[in-house]
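Working notes, beginning with the structure itself.
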Amino acid sequence: MSLTRRDFIKANAVAATAAAAGIATPAIAQPAKANIRWDKGVCRFCGTGCAVLVGVQDGRVVATQGDPDSPVNRGLNCIKGYFLSKIMYGEDRLTKPLLRMKNGKFDKNGEFQPISWDQAFDIMAEKWKEQLKKPDGVTRVGMFGSGQWTIWEGYAASKLFKAGFRSNNLDPNARHCMASAVAGFMRTFGIDEPMGCYDDIEQTDAFVLWGSNMAEMHPILWSRVTDRRLTHEGCKVAVLSTFEHRSFELADIPMVFTPQTDLAILNYICHYIISKNAYDKDFIEKHVNFKKGATDIGYGLRPTHALEKDQANAATPDKSDPMTFDEFKAFVAEYTLEKVAKLSGVPADKLEALAKLYADPKVKVVSFWTMGFNQHARGTWVNNMIYNVHLLMGKISEPGNSPFSLTGQPSACGTAREVGTFAHRLPADMVVMNDKHREITEGLWKLPPGTLNPKIGYHAVLQHRMLKDGKLNAYWVMCTNNMQTAPNMNEEGYPGYRNPANFIVVSDPYPTVTALAADLILPTAMWMEKEGAYGNAERRTQFWRQQVKAPGEAKSDLWQIMEFSKRFKIEEVWPEELLAKKPELRGKTLFDVLYKNGQVDKFPATDIQAGFENDEAKAFGFYPQKGLFEEYASFGRGHAHDLAPFEAYHKARGLRWPVVDGKETLWRFREGYDPYVKAGEGVKFYGKPDGKAWIFALPYQPAAESPDKEFDLWLSTGRVLEHWHSGSMTRRVPELHKSVPNAVLYMHPNDAAKRNLRNGDVVKVASRRGEVTTRIDTRGRNKPPEGLVFMPFFDESQLVNKLTLDATCPISKETDYKKCAVKVSKA
């Protein structure tokens, strides 16, 4: 057999990745099968946005490989990516709607029984209409969506809830992972998403990882970081975390810090830069304003919680006041090397080495962060504070100098953020609270003035609280496993799902923990069973075509949303005063008003490329993906969120927005790279009215819950390489499941010895909210310091979120999954 260079690279990559995971080389590394049709696609997992080639034979995805023509992954995939072909074929795949029934009727305490789609939508419509007819009906219906939705699925859902039902109770699971990043961008720059791109990796001199285990969570990007570190003379890697993990293997400056003290470390770096007179005076004068942020903001817990008492700014956590550079200098001056070393537990020499990296004007620095920053009771603050460091030095918006927020889901950027599926957002960074933004949206959606609700809806954690309290009663969960992944499951999650006043619908391909807690389960088409689009962490939008059909009666989220809208006459959901403004809408359905509006339905099904299925086009008689995308794209064109025409994405390996005159943008806010920065402006942070970014003075504050005499250990939760999020896909891939079949509790050997425990012992882990049973691992890949334990959340047999606290960042409303107090004892 002869191998091309491409085949050789691919086979070696597969073998190396499989070997690293300790599993056998998969069949896809073997010679290709005959008669396979290959087409381009996008990986279903993390926010890196790796491109893949998808092989189809006899109506089934039989193989995938990294796309050699992709500028993101350059033909490589991580171990999860190499098994993509198996994620849709779990033995327990759902193929029919299932309703809890007893004696032939719906019963909240009944057993799941198969029903038809008509029956499913009948009872859904009944439950929704029952709530919507109440005086406060718009607050009693809600939806929890996903950063795994395709762009048009999120957009269609936003139209249905925010325009159709006039309810802003739509929030995505990206609230749990990216909301702090969004709030950080908006506060500092007035506009969302990174200014840099992955090309920064090959052009920088130093990498600093803040709360990010890229080696396991973004392994393809880590391979590029590793290559740069090993081939670029003098390149340095600094890694900061609350425990040691695989990314530490490459670290020149490894730092394990006490939870929450990253706030102090960031202020120390600013103090060092200023005290050494290293800051870029000209850049600061031209491009920066200084702000003192509000403190006493609480921890996002229920108002009755003790930590929320006497918090002066709990209602206005986002407010700030102007300050001068000298005032900022005085503010950070108290964060001395000695003080921060003692507080954080990081040796002084390492803190100083880190500060010197940032302070050296000749060293280009890329700062990467993920959940360690974002899932933080002060998550917005730490996002603001890393920008402080880069702005002081002017190390921003140019090749190799970039503060870079990495995303965890494949379209947390493209769908949750850009489309605006958060409870307060509209497309293209607009918000429901802004009169002008609502007016623009109503115009583009052809709605009567006053249709959109100006009141912010319930965010993710608040949705669970409102379900429990009986104030949110008709609830639809799509493309996410929130019962397993939301915090404080025992006290705030499960009670709301089982509240007799509520009707819970879950759309999912598999019987997840969330699905099994619902009243109605809708079987969902997956990944290559529908046409899709994702937007990755570097603003790259990528498309794929439907490759195969979904099994049985499973339907895409897009079909479900649009088909359900047919069940509502406009008179059933809108008040008379709205209808009077646009009487031609009388008698129409929400489907007619939202999706058959002359814009979404303007493209015929014949526009679909020959040889490919499109089940939604077949069902509706037009090309809904194209119509929805073009309507959505009209929000951002001319407003620094420009997307290319629909057809361009099926031809390209993704394009990074803004795309102006067919050209993508690699670096934002800097002249010569960004088309929205005019000649002579140099740098312009045009999200702010005066073009200046904000540096914030924000203090160190303790965590919402810290260890004490009884609960004497910190608990941090997260992921491992082999599994993704709740494991609903990866645990159904035999090779991945066998490699890591169960979660374990990673513990320092000394902490184990104090409790008379040995490696592999079965233990009980308890917090103030619940307990789980697991095994301890004192020799594994993750090495916590004494006083901290780490446990992944992929294992549905060990629901670690029974333990976690539902504290959130009061600004972003994102949960702090990294810090709560537990105790461990032998089971």
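Glycine is treated like the rest: Cβ placed from N, Cα and C.
Look at Swiss-Prot and you will find 1-34 tagged as signal peptide, backed by sequence analysis. Residues annotated as domain '4Fe-4S Mo/W bis-MGD-type' in Swiss-Prot, with sequence analysis given as evidence: 36-92. According to Swiss-Prot, the [4Fe-4S] cluster binding site annotation covers CYS43, CYS46, CYS50, CYS78, on the basis of sequence analysis. Residues or ranges marked as Mo-bis(molybdopterin guanine dinucleotide) binding site by Swiss-Prot: LYS80, GLN148, ASN173, CYS177, 210-217, 241-245, 260-262, MET371, GLN375, ASN481, 507-508, LYS530, ASP557, 717-726, ASN801, LYS818. Residues or ranges marked as substrate binding site in Swiss-Prot (evidence: sequence analysis): PHE793.
Taking the Cα of GLU244 (Mo-bis(molybdopterin guanine dinucleotide) binding site) as the reference point, the closest of the binding-site residues CYS43, CYS46, CYS78, PHE793 is PHE793. Reported as a whole number, the C-alpha separation between LYS80 (Mo-bis(molybdopterin guanine dinucleotide) binding site) and CYS43 ([4Fe-4S] cluster binding site) equals 9 Å.
Highlighted in sequence order, PHE45, THR48, GLY49, ASN73, ASN77, LYS80, GLY81, PRO219, ILE220 have their Cβ within 8 Å of the centre of the Cβ atoms of CYS43, CYS46, CYS50, CYS78, the residues recorded for [4Fe-4S] cluster, and are not part of that set. It is MET371, among the binding-site residues CYS50, MET371, whose Cβ has the fewest other Cβ atoms within 10 Å in the structure shown. The binding-site residues shown are CYS43, CYS46, CYS50; of these, the one with its CA atom nearest the CA of LYS530 (Mo-bis(molybdopterin guanine dinucleotide) binding site) is CYS43. When the binding-site residues GLY211, MET371, HIS725, PHE793 are ranked by how far their Cα is from the Cα of CYS50 ([4Fe-4S] cluster binding site), HIS725 comes first. A gap of 9 Å separates the Cα atoms of HIS725 (Mo-bis(molybdopterin guanine dinucleotide) binding site) and CYS46 ([4Fe-4S] cluster binding site). Ranked by CA distance from CYS78 ([4Fe-4S] cluster binding site), the binding-site residues GLU216, MET371, VAL720, PHE793 have GLU216 at the top as the closest. For PHE793 (substrate binding site), the nearest neighbour among the listed binding-site residues (GLY211, MET371, VAL720), judged by C-alpha distance, is VAL720.
Cα separation, MET371 (Mo-bis(molybdopterin guanine dinucleotide) binding site) to CYS46 ([4Fe-4S] cluster binding site), rounded: 13 Å. You'll find the Cα of VAL720 (Mo-bis(molybdopterin guanine dinucleotide) binding site) roughly 17 Å from the Cα of CYS43 ([4Fe-4S] cluster binding site). Counting only same-chain residues at least 6 apart in sequence, those with a Cβ under 8 Å from the Cβ of CYS43 ([4Fe-4S] cluster binding site) are GLY49, CYS50, ALA51, VAL52, ASN77, LYS80, GLY81, LEU84, PRO410. Mapped onto DSSP classes, the domain '4Fe-4S Mo/W bis-MGD-type' (36-92) shows 7 helix, 20 strand, 30 coil.
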